[in-house]
Amino acid sequence: MAELTIRPEEIRDALQRFVQSYEPDAAAREEIGTVTYSGDGIARVSGLPSAMANELLEFEDGTQGIAQNLEIGEIGVVVLGDFTNIAEGQTVRRTGQVLSVPVGDAYLGRVVDPLGRPIDGKGEIETTERRELELQAATVMQRKPVHEPLQTGIKAIDALTPIGRGQRQLIIGDRQTGKTAVCIDTIINQKANWESGDPNKQVRCIYVAVGQKGSTIAGVRAALEEAGAMEYTTIVASPASDPAGFKYIAPYTGSAIGQHWMYQGKHVLIVFDDLTKQAEAYRAVSLLLRRPPGREAYPGDVFYLHSRLLERCAKLSDEMGAGSLTGLPIIETKANDVSAYIPTNVISITDGQVFLESDLFNQGQRPAINVGISVSRVGGAAQTKAMKKVVGSLRVGLAQYRDLEAFAAFGSDLDAASKAQLERGARLMELLKQGQYSPFPMEEEVVSIWAGTTGHLDDVPVEDIRRFESEFLAYLRREHSKILDVIRETEDFGDDTAEALTDAIKEFKKTFQTSDGTILGTEAPAEALDESEVGQETIKVAKTSGK
């Protein structure tokens, strides 16, 4: 009888074939956990040893939750929805998935909750595509520098702190200073681009409301509908009555919807209103999950909370489709303190900030933008040639005006040049004012700023500046529309355009009546006196002998 010999090579090959052909049956083993604690929007679950971080869990009543704290023996879960029906002893099931939301063009014109479910009463949203909330942002090699302007329609921003497609521009200020109004104006200003039908010009907009009053969100929606802007806008609403978990994920839901369009080569604008309330919701959740508190009781990863969100805003390279996601995060300060924890975090993440001051707001300067400390780190790269040419002296003129204004407050006598700078500065500040929900087209912004910086408004009384501006622009649209067309189409401002505007403004001044009844441009020019009309006085100087 021959001996049975087993060679090691055969055993190794057999094991290798078995490993390569093995396919685990996920359905064969389903983990079931048990709720050990529930309350205040969180739950603790035991018995799910294989659960992953940020995995979606499902409770008995169908409510979903996100696995956050993976501890020995139990998991800390953020409940997404009503937690009142979750009780100790109930079962919890793993889904094997991370949180995702439906995406697609069907979301345009709709109002949804942080899970992507419609809440506007217009029926279900028909879409087949989904996108995960926690996806990696575009890498360095997938991006390109910001170079295309995104017009806000607000003169102070487009001229002094320009925003480009793919930029993150922080809107920061105290409560009730017009932060939301600035962002809504920017959304409304995209209407002309949307109606053009040009995919390279069209901008889809997303407004994420975190912790706002329900009436405030309804007011924003009404304003957008009245302006015809809801056609290209999606609202993700997580009002103050929502659980902390919803407020925490709402900005990620909005960015997931926007990223879907960005990676299709489209342009997107997203407004986060506001990230202060998201940070507070995340702090509440973290403290309930017993995470160690840090500065101002925020958890240690609150910087990562915002950085991973805002890094998703990008201008993609041509190879990736050249789409863009522009972010306008809003941060609320207390007593204009920008050195607090969350404001400094977001300032360091973003590409610039627009600072709104309550003092300026109360003085009637609206939008209440402090142009001195507002900055755009993208700068002129996100401006048209026309705007670059006319704003050169605007920032310097405003800076000199602020310095002289502080000096003149002491009652000191000023020379003629300083008085002229003060007069022009007051007119420039008046020129930067504009009404809410009334954004300016780019060509009209250029004309207004050109008129102010070149001295054509120096003879217009300060109280008549805004009326002069609106009537002059209406006159141009009516009588000299070609000038505006040239600026809009070429995005440049040449000498011929400047000459044509100079002639037009001189003609218009002859018809403009100031509030005191004076017609501008009707004063006869001063003529030189004849030599015989000039009296000559002889001054005798007495000589004194020196000692």
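Every residue gets a Cβ built from N, Cα and C, even glycine.
Listed in Swiss-Prot:
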BINDING   Gly173, Asp174, Arg175, Gln176, Thr177, Gly178, Lys179, Thr180  ATP binding site
SITE      Ser374  site 'Required for activity'
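Here the features listed in Swiss-Prot are painted onto the structure.
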residue : record                       : Cβ contacts under 8 Å, 6 or more apart
Gly173  : ATP binding site             : Lys179, Glu332, Thr333, Asn336, Phe355, Leu356, Glu357, Ser358, Ala368
Asp174  : ATP binding site             : Glu332, Thr333, Lys334, Ala335, Asn336, Leu356, Glu357, Ser358
Arg175  : ATP binding site             : Glu332
Gln176  : ATP binding site             : Ser358, Phe361
Thr177  : ATP binding site             : Leu356, Glu357, Ser358, Phe361, Ala368
Gly178  : ATP binding site             : Leu356, Phe361, Arg366, Pro367, Ala368, Gln436
Thr180  : ATP binding site             : Thr216, Val220, Asp273, Ile330
Ser374  : site 'Required for activity' : Leu160, Thr161, Gly352, Gln353, Val354, Phe355
Lys179 (ATP binding site) has how many other Cβ neighbours within 10 Å of its own Cβ? 26
Under DSSP, is Gln176 (ATP binding site) helix, strand or coil? coil
Using the Cβ center of Gly173, Asp174, Arg175, Gln176, Thr177, Gly178, Lys179, Thr180 as the ATP site position, which other residues in that chain lie within 8 Å, going by their Cβ? Glu332, Leu356, Ser358, Phe361, Ala368
Determine, from DSSP, whether Ser374 (site 'Required for activity') sits in helix, strand or coil. coil
